[in-house]
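Copied over from TrEMBL:
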ACT_SITE  123  active site, proton donor
BINDING   22, 23  phosphoenolpyruvate binding site
BINDING   99, 128, 129, 130, 131, 132, 312, 334  UDP-N-acetyl-alpha-D-glucosamine binding site
DOMAIN    7-413  domain 'Enolpyruvate transferase'
MOD_RES   123  2-(S-cysteinyl)pyruvic acid O-phosphothioketal
Ligand SMILES: CC(=O)N[C@H]1[C@@H](OP(=O)(O)OP(=O)(O)OC[C@H]2O[C@@H](n3ccc(=O)[nH]c3=O)[C@H](O)[C@@H]2O)O[C@H](CO)[C@@H](O)[C@@H]1O
Ligand SMILES: C=C(OP(=O)(O)O)C(=O)O
């Protein structure tokens, strides 16, 4: 199994290219199921999750053709064509590898009138049920049956527009609802919709495919159903979580980096909190510049749905705040078990106490390298960030988590001056 070795203490400099967003890619790919015409996605990141989604689409009979690069863009171009679906079953073997697989439910149901999708089950960060996805499909007229670990959704006469009011904000359920509603008969109103930039990216892509969606980016989304959608070419938005993660790398390692391709607007409150912690963050012509200006200062953070502070940045901020002057409080409100990095950071000398949903981070003057491993993607990244600052050698094990969400991680960081390499155990 591969591991990453980091020898810490080298400030970062230069440029780091920001890839297309994993969480946008994973909802744009299933959108291709909604039409028999090709959907060409540009700026698609090279990630294990994108490959897994490709396999899932292929087993539904959908073709995925990688067409190389486009000049001036980092990611790949993929043309996805769902000319004909050979099966509407999304099997356990693929869904268990990647929760986002559940995003085929809405598009399969809308296109084929039926879908049988394995329940994704829990994962390292929490229980993560899909009840809201199912309620949304029911609100559009689907009949749902859950048996033997599978959701079977059917609609005898096709989906019909309706009112969906989510009791809590869910990114995935909003995405599934949108993808089902675009082919439902009549109007759908989604209340308490997620407002994440990835939702806006999905809605923009669906509109480019002929859908009629309004209000995306607000809590109320209105969809006028269409009888069919057509093909389109669409560029995946830049990854705001990857950009935020490398900004935190400047926070732990020091130095100054331009995050090329990053979008300051979608970083939102993350940029504000980076500044509160003492970093300089400003837009450049090609992205965002982040500069270390002295010791990181303690701050308090509570994770919330967008436009609040993203849960997907909590672990990376914790690594940075572990080295801050003063005591920070981090409160995780989205997932019940998202502190798996705490004991690993402690092995590197961090002083963090968790009580219920809140972690109290007492800043220390230095961290020391250690053997560490994490059980999820962002937790793994927090260990890399700590390793960049730590004295001596840090070995991050189980890095397949990182490959789910960070394209060319070692190349990007070593290109900015970090001493980091991937080694294989054989
Ligand atoms: C592929 C992708 O885009 N993943 C992101 C997506 O995950 P995902 O879409 O799974 O996250 P949700 O926004 O749905 O989850 C928010 C909360 O709602 C709960 N919930 C969700 C659905 C449901 O049917 N019932 C229910 O109770 C979840 O357990 C969680 O507590 O948004 C999360 C929150 O920003 C991010 O951390 C993930 O990176
Ligand atoms: C939790 C994440 O992803 P997923 O929803 O795919 O598990 C993440 O990107 O941090």
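A Cβ is built for glycine as well, from the same backbone N, Cα and C atoms used for every other residue.
Residues 23, taken from the recorded positions 22, 23, 123, are distinguished by a CB atom under 6 angstroms from ligand 1.
In the vicinity of ligand 2, defined as a Cβ distance under 6 Å, the following of the binding-site residues 99, 130, 131, 132, 312 are placed: 99, 312. Residue 129 (UDP-N-acetyl-alpha-D-glucosamine binding site) sits 18 Å from residue 23 (phosphoenolpyruvate binding site), taking the CA atoms of both as reference points. Reduced to three states, the DSSP call for residue 128 (UDP-N-acetyl-alpha-D-glucosamine binding site) is coil.
In the shown protein chains, 22 other C-beta atoms lie within 10 A of the C-beta of residue 334 (UDP-N-acetyl-alpha-D-glucosamine binding site). If you compare Cα positions, residue 123 (active site, proton donor) sits closest to 99 out of the binding-site residues 22, 23, 99, 312, 334. Across 99, 128, 129, 130, 131, 132, 312, 334, which the record gives as binding UDP-N-acetyl-alpha-D-glucosamine, the greatest C-alpha separation is 22 Å.
Ranking the binding-site residues 131, 132, 312 by C-beta neighbours within 10 Å puts 312 at the top. Here the C-alpha separation of residue 99 (UDP-N-acetyl-alpha-D-glucosamine binding site) and residue 22 (phosphoenolpyruvate binding site) works out to 13 Å. The Cα of residue 23 (phosphoenolpyruvate binding site) lies closest to that of 312, out of the binding-site residues 128, 131, 312, 334. In this structure, residue 334 (UDP-N-acetyl-alpha-D-glucosamine binding site) belongs to neither helix nor strand by DSSP; it is coil. Cβ neighbour count for residue 23 (phosphoenolpyruvate binding site) (all protein chains, 10 Å cutoff from its Cβ): 26. For residue 22 (phosphoenolpyruvate binding site), applying a Cβ distance below 8 Å and a minimum sequence separation of six or more within one chain yields 45, 47, 49, 50, 239, 241, 242, 404, 405.
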